[in-house]
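Record features, source Swiss-Prot:
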type	residues	note
BINDING	Lys263, Asp268, Asp286, Glu347	Mn(2+) 2 binding site
BINDING	Asp268, Asp345, Glu347	Mn(2+) 1 binding site
ACT_SITE	Lys275	active site
ACT_SITE	Arg349	active site
Amino acid sequence: MVLLYSQASWDKRSKADALVLPFWMKNVKAQEAAVVDEDYKLVYQNALQNFSGKKGEAVFLFGNDKTKEQKIVLLGLGKSEEVSGTAILDAYAHVTTVLRKAKCKTVNILLPTISQLRFSVEEFLTNLAAGVLSLNYNYPTYHKVDASLPLLEKVTVLGIVPKVGDKIFRKEESLFEGVYLTRDLVNTNADEVTPEKLAAVAKGLAGEFASLDVKILDRKAILKEKMGLLAAVAKGSAVEPRFIVLDYQGKPKSKDRTVLIGKGVTFDSGGLDLKPGKAMITMKEDMAGAATVLGIFSALASLELPINVTGIIPATENAIGSAAYKMGDVYVGMSGLSVEIGSTDAEGRLILADAITYALKYCAPTRIIDFATLTGAMVVSLGEAVAGFFANNDVLARDLAEAASETGEALWRMPLVEKYDRALHSDIADMKNIGSNRAGSITAALFLQRFLEDNPVAWAHLDIAGTAYHEKEELPYPKYATGFGVRCLIYYMNKFLSK
């Protein structure tokens, strides 16, 4: 995928379907953010009477026989002294939708005068590229006649030399290949994206990148490893489970290793603790954690980061069948810890628990970060714009929070309240898999923390239940799967681990 290009010269730019011109907001009036020819000023001067230049505001105009582009969009960037990376990201995501609705395929984007900004050219271009790439995406559909909006095919950013701009753009395009992979997997039918399909995608990545190795465990191997919790969840489905291990060696001589774990419930009916129909209809997205890990590995290998990372995906359906696991029964995980099943709809934490144990036994992790659409309680707490995360290590928490801030993928640290751990007490097992009807996200995280046992490994748990999938377009994300987490984690690993 090559979409974005750089061109230093305004005069030498190629003809395009549309031109995007930047404006600042100055005393509730629009102010030009870059110098343009008088021919263009004549086109938009009347429109400025009703255009303030506020953040994300876009006005669509038509050119004339003296303009190289026949469609012109005035894009507001807000007040120059207040503009942020996230505002730039959202603005260019929004204008991408405007351009696609106008059926534009080629676009020229004029950069504002960067000297007026509080941040670097690189940061501006990175956020511009991320905005364009984020909404230049179509989710899979099954219409007889495809009604999707046309995609932009070439976007040229004017005012930056290719040596600088193209390097940034190639990096963002590699990153978004991973984001798109995550989105496509989450958006596709659960009958297609089975545990075996996730394993096939992992194998495909290992075939594409020499730096990746993959290991797949089937049901027999899962049982041999005594992963009793994953095996229990898988009992009710005719679809075979898989336990997927991806390994990336970017710095072979280093002992530092990050383990990423992604919940891979490819469809969640709730099991015998059956979900209501309205709650079940989007449950193909319950493997978004697994898809996030696969997307990260796609980007990681493409960008060739000098770090070591292992990805673990416990993958299964949570279905109803004659052999389905039952509430009140006790199952023993790979760790040897026993769990009383208080709800078969609290299955995600069970399969993550076995994955954590596997990581501790075989991977010698420096840190473990897991991703899961784990609790509805997190959606109630933080909605769809922010993912909650828990961490047992302040440095890891601080670095993840910075990565989230820099990429616009909002994270909020939640507390691991020790006294709530008692809600997991069981009279007949080491613990229950569900607490009371309060603080559900916290007790879920405390459940996972138990499986670290006495290991001092740094750990973070990202509950992406609200952020992984949106019922409507919310800038800078498209409708449905968002790919949330891929950009944040790549930024985190690139800045804090690539040393």
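Start at 1 and count along the chain as shown; that gives each residue its number.
Backbone N, Cα and C define each Cβ position, glycine as well.
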Checklist entry - Nearest to Asp345 (Mn(2+) 1 binding site) by Cα distance: which of the recorded positions Lys263, Lys275, Asp286 is it? => result Lys275
Next on the checklist: What does the structure give for the C-alpha distance between Arg349 (active site) and Lys275 (active site)? Integer Å is fine.
Outcome noted: 17
Checklist entry - Between Asp268 (Mn(2+) 2 binding site) and Lys275 (active site), what C-alpha distance do you get in Å? => result 8
Checklist outcome for this item: Students should find that the Cα atoms of Lys275 (active site) and Glu347 (Mn(2+) 2 binding site) sit apart, in Å rounded to an integer, by 13
Checklist entry - For the recorded positions Lys263, Lys275, Arg349, which one has the sparsest Cβ surroundings, going by other Cβ atoms within 10 Å? => result Lys275
Checklist entry - Hey, does DSSP put Asp268 (Mn(2+) 2 binding site) in a helix, a strand, or just coil? => result strand
Checklist outcome for this item: Judged by other C-beta atoms within 10 Å of its C-beta, the most isolated of the binding-site residues Asp268, Asp286, Asp345, Glu347 is Asp345
Checklist outcome for this item: Excluding Asp268, Asp345, Glu347 themselves, the Mn(2+) 1 site's Cβ centre has within 8 Å the residues Val233, Val265, Ser269, Gly270, Gly271, Asp273, Lys275, Asp286, Asn318, Ser343, Thr344, Ala346, Gly348
